[in-house]
Each structure stands twice: as structure tokens, then as C-alpha cells.
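According to TrEMBL, the protein carries these features:
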- Asn80, Lys81, Met82, Asp83, Asn152, Val153, Gly154, Lys155, Ser156, Ser157, Gly204: GTP binding site (BINDING)
- 146-219: domain 'G' (DOMAIN)
Amino acid sequence: MKLYQALRNVDKFRTVFDFGGRDVAHWFPGHMAKGLKQMKANLKKVDCIIEIHDARIPLSGRNPVFQDTLDVRPHLLILNKMDLADLSNKQRILKKLEKEGVRNVLFTDCLKQRDINIKKLVPMVMEIIQSKQRFNREENTNYCLMVIGVPNVGKSSLINSMRRTNLKKGRATPVGGEPGITKAVLTRIKVCERPIMYLLDTPGVLPPKIESVETGMKLALCGNILDHLVGEDIIADYLLYSLNRLEKFSYVDKYELEEPCDNIQHVLKRIAAKLGKTQRVKAFTGVGNVTITIPNYTAAAYDFIRAFRKGELGQVMLD
């Protein structure tokens, strides 16, 4: 779709999203609380904290509990899934992070077979470690890192990518497309030979209370909170609102719409028709029950969200 055609509708789009009084469900199951407790208990074995987060929301949703409880060790922030993020304003992001005290930042795409930035990781970590006192670990010739982050940001993918790059070995941890795949706490995995370096894998930990509904929606849209806790319909609507606000109109061509639209029901109806997603339901009439075929809005919403998460709707920066 030509940009000038799309921009004709900009003044019709919502400028704010109506959350309808919703509150994002608290998602802090037992393994999260247990995981955070064990992370703190094992800090004395750790030389550096590697926090990994989604590059599409670099300023939103990072767990503040990490800063309060784990900030006693050198820290590196990895913004993963950079292939899905619009990094045209990368310097603005780095400046904002620096104001928050985060100076060591690396962008990665851990699913890529050869990510050049992964090769920078070990030298960068060594430089960070050597700039600080190691205290009780001063005599150790090997190094131990702890990887932390909210669910489904690519912690396991990072470990596998480091092993692939530095050890020429395959997967050590399972990878999934939804939060909650890693539940084991502090699995010790070798990720480098020279120098000898181990990484403690940890489960994703969300804060007990998410700071705002909008932050929660961004986390949900990026797949960091299970969809059903928020609702596929509201996530899909927030996605449509975000794409229109950012003037990202590739969904129009993908789903063969006539023009950008701000009505989620209309968009989902079109997606369902294009993909053949329908369902048969009983309609009650005055002369008896009739079975009719209607669009499957839930299936359409799921496809819309999945397309965004796979990068099929273009690169996006939600912050």
C-alpha cells in the first residue's frame, strides 16, 4: 500500500487506547518466587549478571526487582530479537538507558545461526568483570555469569547461541515460543573454553505487580505473559492500535484490506475470511434452532498476534 494512501486515514485513528478498566493479571507462580530467592542466594558464585530483554520494548517491562536484589554484581543488558525491532532511533534508546544507569548494552538476534554481536559478548563481559573487584572469586580461573530476564525474551536462545559460537556445540536448553519453558533454577552450562566460562540459566521472572496496564499490554504483545491471562482479543486490538499509531501498515497488504482500519472486529473478520477460519454455532430462532457459520474471531486474533511476533508485520519499536 502506498504511504500517501495510508496517511489519509491517520486522523481517524485512536490517539489513546481504552483499556476499559482492565488490570493485567498478576503472573507470579511458585517457580518465579523460588527462582528469585535462589538467584539471590547464589550471587556470591557469580562474576557478572547478564540481563536479557526484548529489543522492541527496551524501556518497558524490565523487572525492577532485579535492580533491587541483583545489582551487586557487574551488569550487562542484552536487547534480543533486534531483527524484529525498529532501531532507527537506537541512540535515543541508549541515551535513555544510560540515564537509568545502564551503560553496558548489546543488541542481539540469538536465533540467527551466525550473529556477529554474539562474538562480541565474551570480550565485552571480560572487560566489564576486569573493571570491578571479584572479591571472593579473585583466585578462580573460570568465570560464572547469571542470565536473568522476564519470560520468553530469549535467555535459552542466548545460551545456545553462545555455545554454538564459542564451543561449536548444539542446544543445551530447550527453546519455546511462549513464556514458562525454563522452570529449572540455576542450571550451570559451559558457554566458552577460552576463557573457561559458565552460565547459570534461570526461569523468567515477572514482577509481582506490573507497573501499569500499558506496560502489561506491551509485555503481552511481545509474548512475555501468557495470552489467555490478558485475552487474545484485547492483545489483537492493542496490536492494531500500535501499528496504526506507528504508521506501520503492512497488515493491510498481508490481509488484503482495502485500507488501514482502526476497527479490530472488521480486521479480524477480514483475517478470518482470508484464512478460512470459521466456526459453526447454533442460532435460536422463533421456529427452531439453526446452525450458522460465522468468522472465528479468536483464531483470527491468534494469527494476527503470531504474525507480529514472527516479524511478518514489519519491524516495530513499542517504546
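Backbone N, Cα and C define each Cβ position, glycine as well.
No curator has checked TrEMBL annotations; they are predicted automatically.
Here the binding residues for GTP are Asn80, Lys81, Met82, Asp83, Asn152, Val153, Gly154, Lys155, Ser156, Ser157, Gly204. Their largest Cα to Cα distance works out to 21 Å. Around the Cβ of Gly204 (GTP binding site), a 10 Å sphere holds 24 further Cβ atoms from the protein chains shown.
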